[in-house]
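What TrEMBL says about this one:
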{"type": "TRANSMEM", "residues": "7-30", "note": "transmembrane segment"}
{"type": "TRANSMEM", "residues": "36-56", "note": "transmembrane segment"}
{"type": "TRANSMEM", "residues": "76-95", "note": "transmembrane segment"}
{"type": "TRANSMEM", "residues": "101-122", "note": "transmembrane segment"}
{"type": "TRANSMEM", "residues": "134-153", "note": "transmembrane segment"}
{"type": "TRANSMEM", "residues": "165-185", "note": "transmembrane segment"}
{"type": "TRANSMEM", "residues": "197-217", "note": "transmembrane segment"}
{"type": "TRANSMEM", "residues": "223-247", "note": "transmembrane segment"}
{"type": "TRANSMEM", "residues": "259-276", "note": "transmembrane segment"}
{"type": "TRANSMEM", "residues": "282-302", "note": "transmembrane segment"}
Amino acid sequence: MLNRFSVTNIGIIFGIVFCLISAIFDVYVGNISQKLSPAIIILYCFVSSTLLFLCVSVSKTGPRNYYHKVKSNFRLIIFINTSVVCNWGGLIVSLKYLEPAVVGIATVACGPAITIVCSRFFRASTRPTSMESMISWCILALVIIMLANSYMGNSGVTGTNTFDRIIGIVCVSISAFGTVAYTLLSKGLNNDDWKSYEILGVRNIIIVIFSGLYCIYNNIGIFLGFSGSIIMTLLVIFGHIIPIFLIQKTISKLTPIHTSMVLLFLPIFTLTLQYFDTRIELSWYSIYTVIGIIVLLLIQSLNKLIFFDSKELVKSEKNCNN
């Protein structure tokens with residue numbers, strides 16, 4: 001039990017660090033995507049991470065063993081690649097049109113409720129408690145209200161038109177479904193003894209192809225110059241490679257519903273950091289939503305502590321009786 005509890009704590013720590021780094025990434029990408037095509041950001045980030053983790057996987061697992069692993073799980077890997085396109089593609093495009101906190105909230109706050117609906121179709125899932133279900137649906141209701149306000153222009157980003165906001169809302173909704181699908185599908189590979197770096201080596205193939213073809217079709221130059229290359233290198237390492245490794249470790253150590261719960265720290269960090277971007281104005285709608293999520297998270301945490309303590313008490317009494 002102690003070992004299981006320690007593994008859970010490690011997973012939570014990985015998840016919270018991921019949320020902090022990702023919040024910085026979201027705010028920065030939201031800023032530079034006003035000047036730079038999201039396709040270039042996607043291309044640089046995912047080509048770099050794919051090459052890195054593919055080399056690590058081949059080195060540690062061996063070319064033949066890794067090939068057989070990929071071949072035996074090829075269909076699942078295609079689904080995982082598709083979920084990455086939805087998750088990251090939707091995220092980066094939506095950051096161009098919506099307030100970063102709104103994107104952070106909508107992307108991950110829908111996760112617990114969507115996980116509850118979808119988890120019954122995945123063998124890697126576990127059944128949530130009634131309290132987890134209730135809190136998840138309450139959070140989803142807050143997100144729907146927040147997106148409705150964003151559609152009406154009541155957010156921290158005011159320099160957008162209705163069509164821009166519709167694109168942002170559609171993309172962030174796709175990203176939310178992609179996040180949940182990736183968590184559930186990736187958990188399946190973890191349960192089949194896949195290492196985190198092995199999954200990261202093959203999960204980005206489709207999004208790299210799509211972004212590359214998009215840049216070619218639209219004649220988008222991919223060369224950034226010296227200063228641009230330095231900035232993009234830092235963005236790739238600290239904003240992409242490190243976070244995707246952290247979230248993969250989080251998924252491997254937590255259940256899907258608990259992973260979705262930990263990711264709710266992301267909008268809290270994003271809301272705090274986004275006001276360093278001068279184009280973002282104060283938005284009470286986003287603040288109220290984050291406060292609501294914090295309250296629900298506190299209720300969930302207290303419920304977990306009480307539930308954990310009660311289980312330990314029952315086990316102790318049984319041991320004493322025996």
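In case you wondered, yes, glycine gets a Cβ from its N, Cα and C as well.
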Highest-contact recorded stretch vs the transmembrane segment (223-247), from 36-56, 76-95, 165-185, 197-217, 259-276, CB pairs under 8 Å: 36-56
Result, the transmembrane segment (7-30) in contact with the transmembrane segment (259-276) (3+ CB pairs under 8 Å): yes
Stretch contact, the transmembrane segment (7-30) with the transmembrane segment (282-302), Cβ-Cβ under 8 Å, 3+ pairs: no
Non-local residues, at least 6 beyond the ends, that sit with Cβ under 8 Å of the transmembrane segment (282-302): 99, 101-102, 105, 109, 131-132, 135, 138-139, 142-143, 145-146, 149-150, 154-156, 261, 264-265, 267-268, 271, 275
Tertiary contacts of the transmembrane segment (36-56) (same chain, 6+ residues out, Cβ under 8 Å): 29, 88-89, 92-93, 95-96, 197-198, 200-202, 204-205, 207-208, 211-212, 214-215, 218, 220, 222, 224, 232, 235-236, 239-241, 244
